[in-house]
Ligand SMILES: [Ca+2]
Ligand SMILES: [Ca+2]
């Protein structure tokens with residue numbers, strides 16, 4: 001029984017980090033010059049009131065305060081000037097990005113909302129959807145919730161549900177249902193009814209019996225969905241039965257795959273009744289921490305495949321922006337020579353505004369940094385050592401620049417005893433930051449911050465389910481689960497795989513699929529499913545699939561068009577099941593009864609020229 005503990009899936013890196021780069025108006029320009037006449041041009045620019053920031057081979061960059069590009073071209077009408085152009089601000093870009101800005105002033109949409117199309121579906125608050133959040137409580141100090149729609153249960157061991165036992169539960173709840181109210185962030189199902197059950201606190205431990213009881217309390221509260229951003233090793237029949245009962249009554253239960261980056265199966269996610277959720281990043285890549293248990297069990301002739309015991313879908317869960325207990329997170333801002341740059345708060349609230357000093361790797365004390373903001377490269381020594389060496393040198397603030405593309409997120413560790421504000425910066429901004437004359441950095445307490453984990457992906461899927469389900473309220477939880485899988489966007493290895501399951505959850509595609517096919521998805525009554533499949537394929541080869549049953553056994557008729565080779569390969573769930581004549585039709589007779597969900601593709605034989613994946617749900 002000792003294995004039946006579960007823990008909140010807290011990932012330390014990225015905890016309480018923010019990066020809200022202030023975007024200054026840009027009146028900064030690049031001037032291309034002949035090197036031998038650069039002095040003349042610099043003098044001309046200074047005469048015109050410019051502040052020069054970069055003096056490089058063949059060009060300079062300078063701010064002409066309040067002047068337009070045409071103004072500057074006029075001022076620098078000189079034969080040594082080859083070109084004047086706007087100095088564009090460069091920020092690290094992913095496929096999907098959080099809105100930029102200050103969440104106390106404006107509402108920021110987290111990247112995962114865009115990635116999963118949740119911004120394309122309107123939540124129907126009259127449908128009565130309710131999400132039960134079993135976590136560390138939801139702190140009532142955060143104003144970004146529809147508090148009149150939130151209830152909870154107290155637990156003697158963990159205290160009031162509306163007081164946080166760590167920020168985890170508040171962050172999770174924000175991803176599900178932060179209100180659409182003009183500030184802060186917005187959840188997947190904004191303002192959705194929630195029931196909060198607090199089963200762990202700062203000490204971080206709960207037991208499977210707590211979870212089994214919590215499932216019953218969720219049911220009593222009338223919840224449609226249970227969100228469990230938690231997990232641990234070891235199955236437990238009491239716990240399993242509690243979720244089985246919840247799902248049998250029409251509910252949907254989702255849980256985190258786990259954050260150890262291995263193939264271990266976590267529970268409750270590993271129970272068949274519970275949908276296992278993995279995490280992807282803003283570039284549609286799997287998170288390196290996201291666990292990927294196999295869908296098969298047994299050995300030899302007893303091997304069986306069961307897609308309900310492995311990852312079924314994923315959603316964004318890397319550097320997820322959401323709600324914190326008020327003041328519980330850190331927000332940073334940075335500007336260099338008056339131009340805003342993205343930053344992440346590392347440690348120590350406060351402000352620093354001073355001339356810059358490049359401290360190299362920051363591996364030694366250097367009194368040249370006295371009174372200045374240290375710009376430090378990542379590498380060689382710890383972040384703490386870098387900031388400490390800056391402070392011991394008399395530095396008043398520290399900027400640590402990443403040594404690989406993207407923003408540097410980090411902390412100074414548990415034994416930090418520095419006091420100067422320290423921020424991370426993106427590698428893409430390194431040259432500008434190193435060249436800058438002055439840097440201003442500021443770190444303040446915030447109600448919003450970042451966390452990473454399958455704990456963050458799980459509430460994204462719970463929220464997407466609530467969002468779409470609110471538009472199809474007659475569906476059962478199992479039907480919603482099937483629709484999530486049938487419409488997920490394939491990612492990673494082609495077809496269903498252990499890391500992504502069916503892929504990244506897609507709210508708008510799922511909504512359209514249920515509108516077109518009904519709750520049952522068309523599979524279990526002999527109807528066809530030709531809609532809602534993902535669009536991972538390329539080329540002109542088109543495929544439709546029609547699922548039906550013969551004497552209770554699943555069959556799928558495939559028909560395709562516009563293949564050009566004499567034979568085609570037929571794929572089911574990423575594996576070739578047949579190489580057959582290119583006659584436009586094939587029937588897959590599965591020796592399977594009951595429910596199931598399959599993804600089909602047809603490819604020109606021996607090639608990767610394939611149709612899009614088409615899903616069939618029984
Ligand atoms: Ca909001
Ligand atoms: Ca895949």
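Including glycine, each Cβ sits where the backbone N, Cα and C put it.
In the three-state DSSP assignment, the secondary structure recorded for residue 135 (active site, charge relay system) is strand. Around residue 135 (active site, charge relay system), taking its Cβ as the centre, 30 other Cβ atoms fall within 10 Å, counting all chains. For 135 (among others), the entry in TrEMBL reads active site, charge relay system.
Per TrEMBL, the feature active site, charge relay system maps to 168 (among others). In the shown protein chains, 26 other C-beta atoms lie within 10 A of the C-beta of residue 168 (active site, charge relay system). A helical conformation is recorded for residue 168 (active site, charge relay system) in the three-state DSSP classification.
Residues annotated as active site, charge relay system in TrEMBL: 455 (among others).
Feature annotation from TrEMBL assigns domain 'Peptidase S8/S53' to 127-355 (among others).
As annotated by TrEMBL, domain 'Peptidase S8/S53' applies to 419-503 (among others). Sorting the domain 'Peptidase S8/S53' (419-503) by DSSP state (H, G, I as helix; E, B as strand; all else coil) yields 35 helix, 20 strand, 30 coil.
Residues or ranges marked as signal peptide by TrEMBL: 1-24.
Model confidence over the domain 'Peptidase S8/S53' (419-503) stands at 96, taken as the mean pLDDT rounded to a whole number.
Residue 168 (active site, charge relay system) sits 7 Å from residue 135 (active site, charge relay system), counting Cα to Cα. For the pair residue 135 (active site, charge relay system) and residue 455 (active site, charge relay system), the Cα-Cα distance reads 10 Å. The number of other Cβ atoms within 10 Å of the Cβ belonging to residue 455 (active site, charge relay system), over all protein chains shown, comes to 32.
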